[in-house]
Amino acid sequence: MNTSFDPVAANSNSANVTPGYMSGFGNSFETEALPGALPIGRNSPQRCAYGLYAEQLSGSPFTAPRGANERSWLYRIRPSVRHSGHFVKIDAKLWRTAPCLEHDMPLAQLRWDPTPIPEDELTFVQSVRTMTTAGDAHTQTGMAAHIYLITRSMVDQHFYNADGEMLFVPQGGSLRFVTEFGVIDTEPGEIAVIPRGVKFRVEIPSGPARGYLCENYGGAFTLPERGPIGANCLANSRDFLTPVAAYEDDDKPTELFVKWGGALWSTALPHSPIDVVAWHGNYAPYKYDLRTFSPIGAIGFDHPDPSIFTVLTSPSEIAGTANIDFVIFPERWVVAENTFRPPWYHMNVMSEFMGLIYGVYDAKPQGFVPGGISLHNCMLPHGPDREAFDHASNTELKPVKLTGTLAFMFETRFPQRVTEYAATSDALQDDYADCWQGLERRFDPTRP
């Protein structure tokens with residue numbers, strides 16, 4: 001077997017990037033694991049070097065505007081038509097797809113404790129548990145929010161998702177994504193995005209892993225517009241990392257899983273599909289370290305809208321209304337004067353799925369712990385609990401740095417419907433709404 005997964009795998013164009021990765025967001029990258037594997041000045045020569053096949057992977061229609069047109073050319077040992085066979089529909093376990101109406105959506109604010117890592121041996125595909133779905137995968141709108149609880153690496157197994165793009169948010173344990181485009185390593189504090197149609201397997205190099213997964217049925221994630229903020233801050237393009245080419249020349253039988261049409265399918269292959277020796281284009285997986293996010297905040301007074309913490313956005317057909325926004329609440333200085341500093345009380349047309357990667361969330365110091373989840377659906381009120389309100393209302397307003405904390409939110413324009421699994425989970429807190437019961441009447445018309 002000839003395997004080229006050395007972290008210093010050859011990159012023909014950038015000698016100064018981090019070994020194994022190329023820097024930038026949405027760039028037209030090019031990389032080769034063998035010298036001369038990439039054709040020069042053309043995409044599909046009559047005969048490719050090393051006896052490779054040229055294949056295009058399109059993430060957008062051919063006629064999409066240039067700025068939104070996504071595609072990559074892959075030079076591989078076998079074309080993808082040899083990576084498919086007789087597909088058999090199999091049990092998707094607890095993985096669900098929108099629209100999913102298996103449970104009446106409770107009209108309530110909801111919160112879950114962390115789900116324990118199971119003792120069973122579960123690969124990535126087996127470990128996915130869907131918490132909420134929104135929109136309709138068949139019309140390429142909306143999303144699903146999942147958790148994963150992986151206890152075993154995928155061995156002689158691979159997967160791709162035809163229904164959506166996948167954004168992984170590790171919370172405990174590291175993940176290695178062995179993809180057609182190269183290898184991505186992630187740990188808590190980082191994210192990985194795997195585009196629709198990209199084949200990969202998930203390995204757990206440091207043991208069992210738990211985290212969150214957003215399945216994006218709509219437009220691909222992109223960087224938000226900065227507007228008056230200007231040319232810098234938030235998530236900067238140079239901090240996104242795309243892998244250099246790496247391949248397997250392996251004739252060992254493997255199983256390929258495909259998520260398509262809301263179902264899970266399987267086929268047997270006589271070889272590894274991770275056989276791309278070189279590639280070029282702008283449609284590829286990537287990773288991002290959330291700790292490089294440069295936050296913007298109030299330096300005078302008032303609490304700004306949480307949209308200033310948007311890392312990535314999946315746009316909809318309505319300008320400024322996201323199919324999904326991926327938002328984080330990172331370490332930052334809080335300095336606003338004469339201001340209630342935590343997030344304010346709120347009712348929102350958007351639906352908010354929140355998770356906590358590590359630390360303490362300032363609006364919910366109790367009950368919302370790392371690995372946990374909260375769901376505040378469209379037009380359901382939410383905000384700080386009694387403890388957070390009392391502290392923020394009475395504390396001395398000096399500059400404070402929020403350290404050791406990282407929360408996130410999947411926010412969508414669609415109501416998020418709770419799955420049967422989520423609604424019946426032992427992790428569901430039946431007393432979440434009680435956190436606001438201590439907010440007593442404080443009104444006194446005689447005291448301005």
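The backbone N, Cα and C atoms fix where each Cβ goes, glycine too.
Feature annotation from Swiss-Prot assigns active site, proton acceptor to H303; the stated evidence is sequence analysis. Secondary structure at H303 (active site, proton acceptor), taken from DSSP and collapsed to helix, strand or coil, is coil. If you draw a 10 Å sphere around the CB of H303 (active site, proton acceptor), it holds 16 other CB atoms from the protein chains shown.
Within 10 Å of the C-beta of H346 (Fe cation binding site) there are 13 other C-beta atoms, taking all protein chains into account. Under the three-state DSSP scheme, H346 (Fe cation binding site) falls in the strand class. What Swiss-Prot lists as Fe cation binding site is H346, E352, H382, and the listing cites sequence analysis.
If you take the C-beta of Y361 (homogentisate binding site) and look for same-chain residues 6 or more apart in sequence within under 8 angstroms, you find F329, M354, F368, T405, A407. The homogentisate binding site feature in Swiss-Prot is assigned to Y361, H382.
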C-alpha spacing of E352 (Fe cation binding site) relative to H303 (active site, proton acceptor), in angstrom: 18
Cβ neighbour count (within 10 Å, all chains shown) around H382 (Fe cation binding site): 21
Cβ neighbour count (within 10 Å, all chains shown) around E352 (Fe cation binding site): 22
